[in-house]
Amino acid sequence: MTLEEARRRVNELRDLIRYHNYLYYVLDAPEISDAEYDRLLRELKELEERFPELKSPDSPTEQVGARPLEATFRPVRHPTRMYSLDNAFSLDEVRAFEERIERALGRKGPFLYTVERKVDGLSVNLYYEEGILVFGATRGDGETGEEVTQNLLTIPTIPRRLTGVPDRLEVRGEVYMPIEAFLRLNQELEEAGERIFKNPRNAAAGSLRQKDPRVTARRGLRATFYALGLGLEETGLKSQHDLLLWLRERGFPVEHGFTRALGAEGVEEVYQAWLKERRKLPFEADGVVVKLDDLALWRELGYTARTPRFALAYKFPAEEKETRLLSVAFQVGRTGRITPVGVLEPVFIEGSEVSRVTLHNESFIEELDVRIGDWVLVHKAGGVIPEVLRVLKERRTGEEKPIIWPENCPECGHALIKEGKVHRCPNPLCPAKRFEAIRHYASRKAMDIQGLGEKLIEKLLEKGLVRDVADLYRLKKEDLVNLERMGEKSAENLLRQIEESKGRGLERLLYALGLPGVGEVLARNLALRFGHMDRLLEAGLEDLLEVEGVGELTARAILNTLKDPEFRDLVRRLKEAGVEMEAKEREGEALKGLTFVITGELSRPREEVKALLRRLGAKVTDSVSRKTSFLVVGENPGSKLEKARALGVPTLSEEELYRLIEERTGKDPRALTA
């Protein structure tokens, strides 16, 4: 073996061992046996002994033991200061910013700016030495932050190793939680009666500060990077636009929409366009960041004690409104959980009137100290769900009244039970629980029983014709024709719809049954993982945690439901009625046995491509490993591409993927839907 061949193999082995260390020590999800791991480590040691010039202090052979599993959050000093940004809230303030630049530089504008979306997350700093990640830390006070390296490494797009960079380098960015992950996490926490997060930014901060990195890994955090600290001069970069491209080329995720704009008026055009698109984004964006594009001008302008003189945050208008909490209603969900709902003086927020707002659970009410009659500040969490941000206690008059939880179910009168901070109606005959369960089961995204509306469900329950969803399949024509406004034709149509619903498949059935924390996406993932209801009923906690999108709280809640005798009896009766318990066969199983990972931007939405691959029998994962069959590479790929090359994983362009699908199915993949 030549020195060059040894160098390539040593680098490959180090990457492999680091990757498996990460799986074992951080995610607690090893992919190889201890014996296979030992074989890799032994081969690396032998090569380093045979070629001592290849030894390196960062080699896994030089590290004593493993990284600690618990994050420590020790204070760490940033090599160079992290500054804040001045804010602007109007075009006039952006013009004033440009005028300050003109005066400082002694020349007239307009100047060229790079404009980037301002992702609302938590600022972090990554520090590399000789291309190796030494630590990652939060911004803190700008001088000193908290080390969160272990938790940052659970974000798969953060590179551990770089090539073609200065010896000492700081990379700055934002860690954030996508809106979908935020809503899912809050649903889990609410179901458990735990404290929920007010917004995705708080959720990201709380998730990054988990002591157990495995918890962080399940929270779905993402990162985007946009700046360099130490090492910027050594790169020789001339513009912010080029800096973003430079970061992307080295495997860092960079928010894809950045652009250039000329002068304050050009910035305003971009701002207005992005403001309209704000709610279409998968993450919270609270404005745009405006930076002089020419880095030489940065050096001329410098910094104040707190902020750079060459950059500005142009904030989107706050969609927060003040209103009064008039009363609180208590609703009974299909699982019996009691949810307090605040009745508000109507207020207009983000295009719609808001008159009701969830107060989640007892923990939320206690933490907020909200009372009937209070003035409250309301917004839409994730741009979707109306929520109380805070109580305006300075406006209290003394006439406000505390919120008193009922002792009995507001629907059936049965005594409520308390599980932690969750109030629940245990009555299996509670009409509200039955109504909500049947309504959800029949809904379009569940079993899609057209014609079974709310009024008809109420009549069926009132007449004692159904008690639960399994009874729907025992209905006969003579049961229905005597109901008000239900003729013979309508009865026949409804019975046909009920019969057709038997064949919807496991995915729709799981969503329809309302397992805790299980929405459409999770129902699909469970169906793909287990394939049949019988296998799901036998699943354990670890089996559920292997399913994409399932965190520990959701896994335990699902498991409790699966083991519940009433639920198992319901499933038995549905099976006897002929309801399909198996996942629907995926078209031709054309890609069965193949595992795909996707990186970069595709011409179709990524989730759509993932769903298509799964429908064709493939497995889709988020991280590259030796088990990956193909890495699909779109525009502006991330660090997964480098890892795939290190592991020898084949890559496909989007077009090559579609050609593969066409070869396997004989159909144009663009005509196939997920």
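Glycine too: its Cβ is placed from the backbone N, Cα and C atoms.
Annotated in Swiss-Prot:
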type	residues	note
BINDING	D34, A35, E36, Y37, D38, S84, L85, E116, R139, E174, K291, K315	NAD(+) binding site
ACT_SITE	K118	active site, N6-AMP-lysine intermediate
BINDING	C409, C412, C425, C430	Zn(2+) binding site
DOMAIN	586-674	domain 'BRCT'
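Sequence features annotated in Swiss-Prot and their locations in the structure.
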residue: E36; record: NAD(+) binding site; Cβ within 10 Å: 13
residue: L85; record: NAD(+) binding site; Cβ within 10 Å: 18
residue: K118; record: active site, N6-AMP-lysine intermediate; Cβ within 10 Å: 22
residue: R139; record: NAD(+) binding site; Cβ within 10 Å: 19
residue: K291; record: NAD(+) binding site; Cβ within 10 Å: 25
residue: C409; record: Zn(2+) binding site; Cβ within 10 Å: 23
residue: C412; record: Zn(2+) binding site; Cβ within 10 Å: 16
residue: C425; record: Zn(2+) binding site; Cβ within 10 Å: 25
residue: C430; record: Zn(2+) binding site; Cβ within 10 Å: 20
8 Å Cβ shell about C409, C412, C425, C430 centroid, Zn(2+) site members excluded: V332, G336, N408, P410, E411, G413, H414, L416, P426, N427, P431, A432, K433
Average model confidence [pLDDT] within the domain 'BRCT' (586-674): 81
Inter-residue C-alpha distance, K291 (NAD(+) binding site) and C409 (Zn(2+) binding site) (nearest angstrom): 57
Three-state secondary structure, which DSSP defines for L85 (NAD(+) binding site): coil
E36 (NAD(+) binding site) - helix vs strand vs coil (DSSP): helix
Integer Å distance between the CA atoms belonging to L85 (NAD(+) binding site) and C412 (Zn(2+) binding site): 55
Among K118, C409, C425, C430, which are recorded as recorded positions, the nearest neighbour of L85 (NAD(+) binding site) by Cα: K118
Residue among binding-site residues C409, C425, C430 with Cα closest to the Cα of R139 (NAD(+) binding site): C425
Helix, strand and coil residues within the domain 'BRCT' (586-674) as assigned by DSSP: 36 helix, 16 strand, 37 coil
Spatial separation of the residue listed as 'active site, N6-AMP-lysine intermediate' from C430 (Zn(2+) binding site) - C-alpha basis, Å: 48
Distance from K118 (active site, N6-AMP-lysine intermediate) back to C409 (Zn(2+) binding site), taken between C-alpha atoms, in Å: 46
